[in-house]
Amino acid sequence: PMGSERTEIRKRQMAATPESPGTAQAQLSTGNRGSNACCFCWCCCCSCSCLTVRNQEEERARRTSHELQAEGIPNCEESPAPTLEEVNAWAQSFDKLMLTPAGRNAFREFLRTEFSEENMLFWMACEELKQESNKSVIEEKARLIYEDYISILSPKEVSLDSRVREVINRNMLEPSQHTFDDAQLQIYTLMHRDSYPRFMNSAIYKDLLQSLSEKSIEA
């Protein structure tokens, strides 16, 4: 048939004309366009490398406190089980909550559910720094606190205003036990005003209070 002859002639012409390198390169480029699309494309359907980087950064920001703990966040403080009187006292003031290891542990457990455990960890690190007297130890601990909680590159960075950050940067020229005093106070105030009221209404606090109340009645 005439159609079959035309098909055969076309096949011979294609076989006799090798594909030029430029054509092959163009086809290769077109084939890869889906995975390496230009970052200036106007649509949002491509998988640009810039979008990949941004997604990775967002994923890093969403890491939970549990994941951070696996990377080296210290465990909770050792403390005896709180009494009913102690737990009731936590409701009287934030200062009373923060005075005891049991109170700090319970509050820290709550902060972990809100992905803000780094606030307590920073406060505790500052308290530990204040107990040091050896200059070289102070400098090393100050450096670690800065890297863990002040550096914008750290996943555990705490929220501080620019004024406090400037004070810290000046203090880091000659670190001392009080290098982070302003920052510690700001984070303490943040926890007091922002997190403490929610902790008092949380299941963590109410369940603990109920459990101790029931034990007291049984006794």
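Note that Cβ sites are derived from N, Cα and C of the backbone, with glycine treated the same way.
Annotation source TrEMBL lists region 'Disordered' at 1-27.
The compositional bias 'Basic and acidic residues' annotation in TrEMBL covers 1-11.
Among the features that TrEMBL reports, domain 'RGS' is placed at 93-209.
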- line: In DSSP terms, the domain 'RGS' (93-209) comprises 86 helix, 0 strand, 31 coil
Field: Average model confidence [pLDDT] within the domain 'RGS' (93-209)
entry: 97
